[in-house]
Amino acid sequence: MDLTALREEYTRHGLTRDDLEDNPFKQFEKWFQQATEAELSEPNAMSLATASAKGEPSIRTVLLKYFDEKGFVFFTNYESRKAQQIEENPHVALLFLWLPLERQVKIQGTATKVSTAESLNYFTSRPRGSQLGAWCSAQSSVISSRKLLEMKFEELKYKFQHGEIPLPSFWGGYRVKPTRFEFWQGRPNRLHDRFSYTLTETDDTTWGIHRLAP
């Protein structure tokens, strides 16, 4: 299939150094709020790239649940492929793509597990069906049929029919602590605006900002 004719011209916005916050977390928050105000579908959806100890890459979409200057937090099964790769190699990358705004944000950093208390706090806020789903799915493992998955869901639904559903020991959150951000704004003629934020060598709170060639 030839896709060479598929082409979009980006004309919505420009991005200059004067537009940027000195703090990349504040810049991300500003863009995220604009994506939310534009009513984009799931603006918190992000691609998460991981790699094994051998350097074998894997990527998938997960949902950002909250962020602050300590990092970006998502939740998953601790026995999943992504969790196994993070255990072997904590260096990860995140990508937010907001096509209607002709923007994307890349974040590189290291992932570490959040505390059990933090995982529990989020788990108890989830809909009951999602809580059961966390118990039900041995994520990334081979299963023989969907029917068995649905049967297990019903069994767990009956088992936990009275009272609160406990936090599974194999489920919880990760916090990605950034070491680099890149903000990309589409521009005409593929002369896009790109700016990177990288931590300086002197401390872990000062960010150097640089324009990058598209």
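Don't overthink the numbers, they just go from 1 along the chain as shown.
A Cβ is built for glycine as well, from the same backbone N, Cα and C atoms used for every other residue.
Summarising the annotation, Swiss-Prot assigns substrate binding site to Arg7, Glu8, Glu9, Tyr10, Lys65, Tyr122, Arg126, Ser130, Arg190, Leu191, His192. What Swiss-Prot lists as FMN binding site is 60-65, 75-76, 81-82, Gln104, 139-140, Trp184, Arg194, and the listing cites sequence analysis.
Projection of Swiss-Prot feature records onto the structure.
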{"residue": "Arg7", "record": "substrate binding site", "CB count, 10 Å": "7"}
{"residue": "Glu9", "record": "substrate binding site", "CB count, 10 Å": "10"}
{"residue": "Arg60", "record": "FMN binding site", "CB count, 10 Å": "14"}
{"residue": "Val62", "record": "FMN binding site", "CB count, 10 Å": "16"}
{"residue": "Lys65", "record": "substrate binding site", "CB count, 10 Å": "13"}
{"residue": "Phe75", "record": "FMN binding site", "CB count, 10 Å": "19"}
{"residue": "Arg81", "record": "FMN binding site", "CB count, 10 Å": "16"}
{"residue": "Arg190", "record": "substrate binding site", "CB count, 10 Å": "10"}
{"residue": "His192", "record": "substrate binding site", "CB count, 10 Å": "18"}
{"residue": "Arg194", "record": "FMN binding site", "CB count, 10 Å": "17"}
Inter-residue Cα distance where the pair is Phe75 (FMN binding site) and Lys65 (substrate binding site), in Å: 8
Integer Å distance between the CA atoms belonging to His192 (substrate binding site) and Gln104 (FMN binding site): 11
For Arg194 (FMN binding site): DSSP state (helix, strand, coil): strand
Nearest-integer angstrom distance between the alpha carbons (Cα) of Ser140 (FMN binding site) and Arg7 (substrate binding site): 35
Same chain, 6+ residues apart, C-beta under 8 Å of the C-beta of Arg126 (substrate binding site), given in sequence order: Ala134
Distance [Cα-Cα, Å, rounded] between Arg194 (FMN binding site) and Glu9 (substrate binding site): 16
Densest Cβ neighbourhood among Gln104, Ser140 (binding-site residues), 10 Å radius: Gln104
Secondary-structure category, per DSSP, in which Ser140 (FMN binding site) falls: coil
Listed in sequence order, residues with CB under 8 A of Leu64 (FMN binding site) and six or more positions away: Asn44, Ala45, Met46, Phe72, Val73, Phe74, Leu94, Phe96
